[in-house]
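Novice: Sharing a structure below in structure tokens format, with a few things to ask.
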Amino acid sequence: MSKRIQYTVEGEVQGVNYRAWAVSKAKDFDITGYAKNASNGTVVGEAQGSSDSVKQFVDSLYKAPSPAKVSKVESSDMQIKEGDSGFQRRRQDKPRHNPTSGDAVTEREAVYWASLNIKQPIDSPEHHPTTTPLNLMNCSRAITTNALPWQSATRFLSSVQHGRTITTASLRPTTLVQQHASTPKTRRQQFRTSKHALIKEYFPAPDAPNIKTTEAAWAHPVYTFSQMEQVKIQHRDAKDWSDWVALTFMRVLRWGLDTVSGYKHDPDQHPVRNGAATPAGSGEHSIDKADRLRVRPFTHMTERKWLMRFIFLESVAGVPGMVAGMLRHLHSMRRMKRDNGWIETLLEESYNERMHLLTFLKMAEPGWFMRMMVLGAQGVFFNSMFVSYLVSPRTCHRFVGYLEEEAVITYTRAIGDIEAGKLPMFEKMSAPDIAVQYWDMPEGRRTMKDLLLYIRADESKHREVNHTLGNLDQKNDPNPYNSKYKDEAAPHPVKDIKFQRPTGWEREEVIGEDKAH
């Protein structure tokens with residue numbers, strides 16, 4: 001017999017990966033529905049399935065993994081909705097409305113408005129006569145329109161201008177009007193890229209009963225924390241016109257992104273140019289931990305701003321590897337020759353960048369503006385890389401190497417902010433399940449800082465790989481990261497970060513001096 005409930009989970013359940021964990025438990029019990037972080041600190045949602053499955057699901061909500069702490073779980077029965085696959089709402093679905101004092105409020109509506117922390121009717125005299133429109137659901141999983149009829153919009157604007165209180169009877173189909181004294185910016189949720197986006201995580205439909213789980217296409221190499229903490233900010237000097245072209249385009253790209261996002265740093269404290277130089281002739285510059293912590297942006301980077309930046313960067317970072325791998329795949333078939341192992345490494349790099357993005361998407365929901373930016377950036381970047389790689393693969397690999405240098409700088413600064421106590425919400429957050437499984441993060445080392453250490457180590461590896469590939473003969477040399485060496489104990493290119501070479505391995509080190517260039 002099927003059953004449908006709505007539930008509320010109280011306690012320390014936000015920012016600790018509880019919502020994603022609830023989704024995974026629902027999948028185990030063949031439950032459909034959703035889970036959502038409410039503005040009052042609880043997790044709310046609905047669930048539908050067999051009576052036994054629903055009971056097991058509710059019982060499992062108490063057994064949250066550390067560091068989540070569940071103090072109370074409330075559930076109530078609802079009317080069963082047959083054919084509701086995954087509870088996804090479409091644009092044509094009628095959204096909930098905010099009740100006025102003259103409306104009859106159902107128990108379900110009361111719970112919903114309580115989850116939004118709205119305790120008084122909209123025209124209650126306790127409320128200040130200032131009105132502010134609030135869009136209910138503006139996310140990729142649950143979307144409603146926010147357009148008002150012309151007459152309703154006229155009434156609303158007129159009331160705002162004259163400071164009058166209005167009800168929402170005529171506005172009911174499309175919008176919610178919430179009254180309060182003011183709506184400062186601090187009332188927004190931290191991890192949204194759109195002003196009023198609400199994250200609603202839908203339970204996956206049990207459409208593959210014979211499949212338990214799907215493993216990652218490429219298993220991630222094991223990093224030790226001592227290895228990850230040794231990752232440094234370093235820069236490879238440009239040595240020829242190809243390097244200068246790559247470096248110039250990278251700086252233009254970085255300048256454009258920083259300008260759009262309002263992210264600036266003091267040029268007198270740039271870690272690449274003013275770090276302690278390594279021995280002459282090495283072409284490297286580095287910065288120690290003390291200097292790194294002194295490098296700070298002019299603008300205050302909050303947790304929300306950092307996540308917005310991470311999502312945008314990772315949404316385009318997977319483009320170069322895919323473009324290069326695709327072109328080399330076609331080139332190999334066209335020439336009817338092997339590619340010497342380059343394709344696998346390039347596609348694995350692109351896959352790794354996508355896993356970074358999927359991880360951050362468990363922490364923040366991009367809004368329409370961010371999605372439009374990503375759409376435009378991907379279109380321009382993909383086609384630019386496509387044409388450039390046809391012209392000069394070596395320049396493209398050098399460009400990506402310089403780009404990954406900037407990524408290491410970005411994540412190093414974010415880690416420095418966490419260490420300096422400037423990001424208190426990050427200090428309390430745990431890594432999502434997708435990250436724990438992909439990096440095989442050990443117990444006790446699953447904080448946000450630990451996650452950024454893993455991602456920074458990945459970016460440093462991409463930096464090394466692309467600088468190394470840029471040093472090789474693009475048509476004839478084998479991929480040193482897929483090769484076996486005569487002396488495995490000697491430092492050489494590897495998939496993990498056991499032997500780190502931030503500025504790349506020179507051709508003579510990996511191929512040998514006896515091979516003609």
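Counting starts with 1 at the first residue shown.
A Cβ is built for glycine as well, from the same backbone N, Cα and C atoms used for every other residue.
Nobody curates TrEMBL annotations by hand; they come from automatic prediction.
Feature annotation from TrEMBL assigns domain 'Acylphosphatase-like' to 4-91. Sequence annotations record features per position, and here TrEMBL assigns active site to R19, N37. Per TrEMBL, region 'Disordered' is recorded for 69-104, 264-286, 469-517. Annotation source TrEMBL lists compositional bias 'Basic and acidic residues' at 71-84, 484-517. What TrEMBL lists as transmembrane segment is 306-327, 368-391. Summarising the annotation, TrEMBL assigns compositional bias 'Polar residues' to 469-482.
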Novice: Reduced to three states, what secondary structure does DSSP give R19 (active site)?
Specialist: helix
Novice: Quick one: Cα separation, R19 (active site) versus N37 (active site), in Å?
Specialist: 7
Novice: Suppose you look only at the domain 'Acylphosphatase-like' (4-91); what would the mean pLDDT be?
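Specialist: For the domain 'Acylphosphatase-like' (4-91), the model's average pLDDT rounds to 80.
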Novice: State the residues, same chain only, that lie 6 or more residues beyond the ends of the transmembrane segment (306-327) and have a CB under 8 A from a CB inside it; answer 'none' if no residue qualifies.
Specialist: 191, 193, 257, 261, 263, 342-343, 346-351, 353-354, 356-357, 360-361, 363-364, 366, 370, 373-374, 377-378, 381-382, 385-386, 389-390, 393, 396-397, 399-400, 403, 407, 410, 414, 417, 423, 426
Novice: What is the total of other Cβ atoms whose distance to the Cβ of R19 (active site) is within 10 Å?
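Specialist: Other Cβ atoms within 10 Å of R19 (active site): 23.
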Novice: How many of the residues that make up the region 'Disordered' (469-517) does DSSP mark as helix, as strand and as coil?
Specialist: 9 helix, 0 strand, 40 coil
Novice: Have a look around N37 (active site) and count the other CB atoms within 10 A of its CB, chains all included.
Specialist: 22
